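Chemist: Pulled the feature table from TrEMBL, pasting it below:
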DOMAIN    37-310  domain 'Ribophorin II N-terminal'
DOMAIN    318-424  domain 'Ribophorin II second'
DOMAIN    432-554  domain 'Ribophorin II third'
DOMAIN    587-687  domain 'Ribophorin II C-terminal'
SIGNAL    1-30  signal peptide
TRANSMEM  598-622  transmembrane segment
TRANSMEM  634-654  transmembrane segment
TRANSMEM  660-682  transmembrane segment
Amino acid sequence: MAKGRRWGSRGDSIVLMLLIVAAGSICTSATNFQPVSDAHRSAAVELFTPVDGSFASIEDTYEAVQIFKILGIEGKGDVRGIACSLVSEVLGTSSSPLKELFYAVKVSSLLKCDAKDSHFEVTASILKSIPSDAKSLNDLYYSIVGLALIKNQIPEADVLLDDVDGIFQAIKALSQSDGRWRYSSDNPVSSTYAAGMALEALAGVISLATNEIEQPKINAVKSDILKLFDSIEKYDDGTFYFDDEAGSVSPLATTSSVVRGLTAFASSASGPVNLPEDTILGLTKYFLSIGVPGDAKEFFNQVNSLSCLENSRVSVPLVLTLPTTVVSLSSKDKLKVKVTTALSSRSPPLKVKVVQAFISGSKDVSVIENQELVFDEEGSLHVLDLPASIDVGKYIFAFEIVFHNSKDGKIYATGGQTKVPVYVSGAIKIEKAEIFVLDSDIGSIGTRKQLNFETENDVSLAANHLQKLRLSFQLSTPQGNVFKPHQAILKLKHEKSEHIFVVGNSGKQFQVILDFLGLVEKFFYLSGRYDIQLTVGDAVMENSFYQVIGHVELDLPEAPEKAPRPPLQRRDPFSRYGAKAEISHIFRAPEKRPSENLSLAFLVLTLLPFLGFLVGLLKLGLNLKNFPVASVPAMFAILFHVGVGAILSLYALFWLKLDLFTTLKGLGLLGVFLMFVGHRILSHLASSSAKLKSA
């Protein structure tokens, strides 16, 4: 069942070409899946590095540790110390929930934490007591898988199950006829996600059994697996996935659960689990098609599932990828192919063949058949020199992997032929480009202008409503064949409207004729200047361009009374942030100032009161006889006079430099200070005066 998924300058030409490639990729099933790369490692560091020295939960701790181990990331913070400390805390608490015990054991099995043996003994005892009385698949899963992990870490631990057949049957009893599982006997709803948990739990039962499980029971589970895979979904590009319609679990989490369960069961059960190669490779492609997830949980499900597939006993998928799907004839590029595992590990010795290469849409005409690529050991790439006869266009290459050692074919899954779209690009020849105005009645050429799209053009034309405008040019491939670009568009742009016309073709000849008599209404009878813009581009056209080639002055008749009006032009929302118009302002001429002598006379008059104040102090007999002698009153007296001087200085600064608000702030602070010290010194003087009178 198929479902939907998830310009003038050289720089402008490149941008235009990339946009066209992107548009084309939307319409084509993407089959060039890239394996896990350094981009995943960079994202893992950002998503899983502990925040403020700790992880949010023991589950998050396990996911971080597992991802760092799979991707070989080391030295990013004290992850081991933080994780093992949390493991000791969880295992050392008798009341820890079952789920936390499960993940604590998982973290310890990865890091080999130095937890106390007594903690593992207590945890094993708790987990071992659960399966016999478990009422749900979750309890069975956490307890059994946890016991299996303890067994791998501490072989002498008492973790073997007593009633293996009963527990195996209890889990099997929750299975359904379609291969899905229920979470409990009381819940009739079956789930694909639960099927993955059940398979992983059954794998744990097999590893914890004192005797080998009967083969008919193992075969019954394998039959359930095949039934489960009968309901697998797939996209048109060969990706396979599972969807859990019973709950709110995403397809990624569901598929990841099934893969973990499948690989765990295949590793524990005797005999192979026979699944088609294209199914295993389709699951791998599904995980790789996600790219680099930005969510930690999705990232874990993707990378952990790919690791399970790479280390499984079912089949190890190999991924054939192209570092680039665009090959340039101008640069004489070679077609390069790389074959690795999903985690970018090296593949076994093999060779890659192009079984067939054909132009997209014409499968019957092959340009390459049964050609082997040359292996470049230095770059671990398989390289193909394109034949001289190949022309620009979009091709479909069908590759096939052949192992040097036939035994590797039983270990690795290649999925048969791998089809990848390849864009062969080149410089398109643009010839006989011209633009001219035709007389509508007799077809005579009024003004002819030659165009050269390799340089800038600036033609100037004039026409009225009785004339026509014709633009024509020829396009051909490097091999001289007809080339039809994805886009050939002519635009006429007026200050109040713009109009787009598709440039048609007949063979190599492209032309468009605009009859202004029939376009006056479409042009809203707007006379004036129209800029002429031409866009020619394609995914395989290296010299795609968008160019303003000039303008035409149109003289159209006056609009009738009921003629349509041009639509309102859309305003650029960012125009408000642009440069504003310059504001011109003429200030009022300053008033005439008084003469210098008059200003000096006024200054003398303002200083006379101060001089009178000084003379008055001398007449009154100013002295310091009452200045306090004691240290504390003397200090307050000095501070009082300093405060008065500071206020006078503040007045001077206000006159010379400060503004009113700054002056008032300073005056307020100095006023409070002066009031405090003034009150203390006046209190001292009053007390001294009272003592003199009483004496």
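Placed from the backbone N, Cα and C atoms, the Cβ positions cover glycine too.
TrEMBL labels come from automatic prediction, so no person has curated them.
Would you situate these features in the structure and describe their surroundings?
Modeler: In the predicted structure, the domain 'Ribophorin II N-terminal' (37-310) carries a mean pLDDT of 91.
Taken through DSSP, the domain 'Ribophorin II C-terminal' (587-687) splits into 79 helix, 0 strand, 22 coil.
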Chemist: If we skip the immediate neighbours and take only residues 6+ beyond the ends of the transmembrane segment (634-654), which ones have a Cβ under 8 Å from one of its Cβ atoms?
Modeler: 627-628, 660, 663, 666-667, 670-671, 673-674, 677-678, 680-681, 684
Chemist: Which sequence positions outside the transmembrane segment (660-682), separated from its termini by at least 6 residues, show Cβ-Cβ distances below 8 Å to it?
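Modeler: Here the qualifying positions are 628, 633, 636-637, 639-640, 643-644, 646-647, 650, 653-654.
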